[in-house]
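Novice: Sequence annotations record features per position, and here TrEMBL assigns transmembrane segment to 23-42, 54-78, 118-137, 149-169, 181-203, 227-251, 263-286. Per TrEMBL, the feature region 'Disordered' maps to 307-338. According to TrEMBL, the feature compositional bias 'Polar residues' maps to 308-324. Annotation comment: TrEMBL describes 325-338 as compositional bias 'Basic and acidic residues'.
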Amino acid sequence: MTPEEQQAIAALATTAYFNDAALIIYSAGIGALALGIIVATRPLVNNPWTQNRIVLFACLLVTLITFGWMVTCVWSNYLIDDRFDFAKIKPTRGEGGLDASVQSSTAKALPLVYMTGWPATMNLLLSDAIVVWRAWILFQRAWFPKFALALLTIVNIGINISNCILVNLEVTKTLGPGSKVMGWLSGLISLIVNMFATGLIALKARNHHLLMTQVGIYKRSRVQNTLLLLIESGAIYCAIQMAYTVTLLINTHTSSKSGFDNIFYLISAIGCVSIAWYPVAVIILINQHSSPVTETVHATLARAQEGQELSKNAHSDSTATSNELSKRERERGNVEGM
């Protein structure tokens, strides 16, 4: 073999090493996802099947199917790469040599590579929809947050589906600049949607805390704990999404020979697992104590407002009584003066 081919084999071995690490992440992710879905479905099965519970169960089922579809495509892609990159390597003879073997494996795995984008996008949009749904429910009486959430969701769906279509149109050739831009743009708009929705939930938690403080309730309630968990999980998810988007942007503008692709594969695997896990985590949180967050929030706010109104009424009654007594004292003084 020539020195160039030896370097190419070393690079392929490094790529295979990182691919195996990514497969470990995917395999652990789908196992943890199956366990999480079992935990999330227990409250759904043990309670009456309302419309909301049916929707949540459908979300869990779609998440499991799409993530399993994506992991199957990734596994098949990596196995094809390893088979053709190593089992078919021969010394340079005739046309192509090692380069021809690599190109052959790439061509055979290309449909699987681009097929992976569809289940990954479905998982991403489902995760975004779960976050938007929670924020939407918490702001039922405010039109501007609902309008902004709807607009961002429509833009997010359009860009992500356009990215998948554009990539599939280029399935027989190397990705062009248009699909690369759409790739990191789809990740960016999804990040914006999640940051905005998580910010709205944080705003609701702050308003809830201030209202509890005003009526003299300083103990942290179950509503506050659940809202804080939603905020913390949303912040972690946004951090992972931000790392993935930045990595994708860097990978778009760096050479394939720089070795950054291998790091991108690992971060991409972590991002895909977190995308699949996030709806499950949110459903587990909102099913705590078999009570949706929305109903509990509205009930607690109603009780707090009731208490606040009672306090105001009591204060008004006491003030009126005090004024009446003062008036009577003044009248009595006037009579005695006469």
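Every residue, even glycine, has its Cβ placed from backbone N, Cα and C.
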Novice: If we skip the immediate neighbours and take only residues 6+ beyond the ends of the transmembrane segment (181-203), which ones have a Cβ under 8 Å from one of its Cβ atoms?
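Specialist: That would be 121, 124, 127-128, 131-132, 134-135, 138-139, 145, 148-149, 152-153, 155-156, 159-160, 162-163, 166-167, 175, 227, 230-231, 234-235, 237-238, 241-242, 244-245, 248-249, 252.
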Novice: In terms of Cβ proximity under 8 Å, which residues at least six beyond the ends of the transmembrane segment (149-169) contact it?
Specialist: 114, 117-118, 121, 124-125, 128-129, 132, 135-136, 175, 178-179, 182-183, 185-186, 189-190, 192-193, 196-197, 200
Novice: The transmembrane segment (23-42): which same-chain residues, six or more beyond its ends, come within Cβ distance under 8 Å?
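Specialist: Beyond its ends, the transmembrane segment (23-42) has Cβ neighbours at 56-57, 60, 63-64, 67-68, 71, 74-75, 78, 266, 269-270, 272-273, 276-277, 280-281, 283-284, 287.
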